[in-house]
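In what follows, a single structure is set out as C-alpha cells and then discussed.
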Amino acid sequence: MVCDRNCGLIAGAVIGAVLAVFGGILIPVGDMLIENKVKKEVVLEEGTIAFKNWIKTGTEVYRQFWIFDVQNPEEVAVNSSKIKVKQRGPYTYRVRYLAKENIIQDPKTHTISFLQPKGAIFEPSLSVGTENDTFTVLNLAVAHHNTSDGVYKIFSGKDNVSKVAIIDSYKGKKNLPYWPSYCGMINGTDGASFPPFIEKTRVLQFFASEICRSFYAVFGAEINLKGIPVYRFILPSMVFASPLQNPDNHCFCTEKILSKNCTLYGVLDIGKCKEGKPVYISLPHFLHASPEIAEPIEGLNPNEEEHSTYLDVEPITGFTLRFAQRLQINLLVKPARIIEALRNLKQNYMVPILWLNETGTIGDEKANMFRNQVTEKINLLGLVEMILLSVGVVMFIAFMTSYCTCRSKSKLGKLNE
C-alpha cells in the first residue's frame, strides 16, 4: 500500500513537472510560430493579408475642415488691429481611397511602385453647412484637392520584414526637391502600416505628401480598440519646435522677423513646396506654439484632446487601426505699400486659414476578422501556456510535498516500532 501510494505521488509529481516544462517550452516555441506567421502575412505580396488590405483599405476616412472666418477685415486693413476670427465647421468629406493603380513589383529590389488615386464626397449630415457657404478669408487655394499623390515606391519586406511599407522614393526621388537632402529626406511609411513587432521605445516615422515632409510619433499609451490591444503613438510638440530646440527644423524657418530669428516655435514654413506662397503649418489653434505667434489673433482656443495628432497601431502586425491627423494651414501677411489692403498694416500676422482633422477607424467587420485571425489566437496560445505552466508547477509542488510528508510519517512509524 505504501509503495503504491508513494509511486502514485511520484507519478503525479513527474506529470506536473512534464506539464510545467512543456508550458515553459511552449512560450518561446509559440512566440516563434507567431513571429513566423506574422512575418509571412505582413509582406506586401499577392496572397498575404497585408497585400489584400494594402490594395484597397476599405476603411472609411473622414476629412473635416474648420474655416477661420475673419470678423473685422476693414478694421484690420485700416488700423492694423488684432484679427478677430470665428471658427466655422466642420465641413466633412468622406475620403474614398480607391484601389491602387499602376502597380509594378520588382522582385530584384523587393519594391513596389504604385499610384494612389483619391476622391472625396461631401457629407451634408456631418457638416454645419453646404459647400456654397461664404467666408471672409485671405486665400483658400492652399486647401489641396489633388486626385492623386504621385508615384510611390515602397519596400515589400520580402527580403527584410523590418523594411515593409517603408517608402523608397516619391515621384522618382528619395529626397524632396524643395529642400537640401538633409531636410527633404522622405522617411518612414505613409502611416497606414509600419514594420511589425513594435516596441514602446520605437519612434514611428511617416511621410505626409500634402505638406511635403516626414513626421515622427512616440509612444503615448496602451489602448483597447474594439477588443484589440493597440499602442497609441502621438506627435510630440518637438516636431514643431524651433531650430534651436530641434535642429531638423532649421530648413523650415525662413522668415527671421516674425520668428525672432527662428527662436519662436509652433509653425513651420512649407512655402517651397507650395509654389513659393507664404504657407505655414501648425497644430490647430496654434497648439504648442509660442504665445507671440497667436497674440495678434483673437478667437483661438487650443485644446490638446481636440487638436493633437495620434496613431493607434497594433504592435504585433504594425497595422494602423485608427488615426487622427490634425493640422492647420496659415498664411504670413506682411505690410505692403503696393497692395491697398495691406498698405496700413504696422505688423506681420500669421493668419490661420483653416484646420483639418482627417480620421479613420477600422470597421466592425474588419475588427472582428482581425480579432479572430490575430488577437484571439495569440490570447489563446498565451492562456494555454500559462495554464500548462501553472498547473504543472502546482501539481509538482503538491505531489512532491505529499510524497515527502508520507515518507516522513513512514520513517517516524518505523522508529516508533
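Even glycines carry a Cβ here, placed using N, Cα and C.
The feature transmembrane segment is assigned by TrEMBL to 7-29 (among others).
Residues or ranges marked as disulfide bond in TrEMBL: Cys183-Cys251 (among others).
Residues annotated as disulfide bond in TrEMBL: Cys212-Cys273 (among others).
Taken from TrEMBL, the feature disulfide bond covers Cys253-Cys262 (among others).
The transmembrane segment annotation in TrEMBL covers 380-404 (among others).
For Tyr403, the entry in TrEMBL reads site 'Critical for TLR4-TLR6 dimerization and signaling'.
The ubiquitin cross-link annotation in TrEMBL covers Lys409.
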Notebook entry, point to check: So among the disulfide-bonded residues Cys262, Cys273, who's got the most Cβ atoms within 10 Å?
Noted result: Cys273
Check: Could you give the Cα-Cα distance between Cys253 (disulfide bond) and Cys273 (disulfide bond), in whole Å?
Finding: 14
Check: C-alpha of Cys262 (disulfide bond) to C-alpha of Cys251 (disulfide bond): distance in Å?
Finding: 10
Item checked: Length of the line joining the Cα atoms of Cys273 (disulfide bond) and Cys251 (disulfide bond), in Å -> 12
Next item on the list: Run through the Cβ atoms and count how many others sit within 10 Å of the one on Cys253 (disulfide bond).
Entry: 19
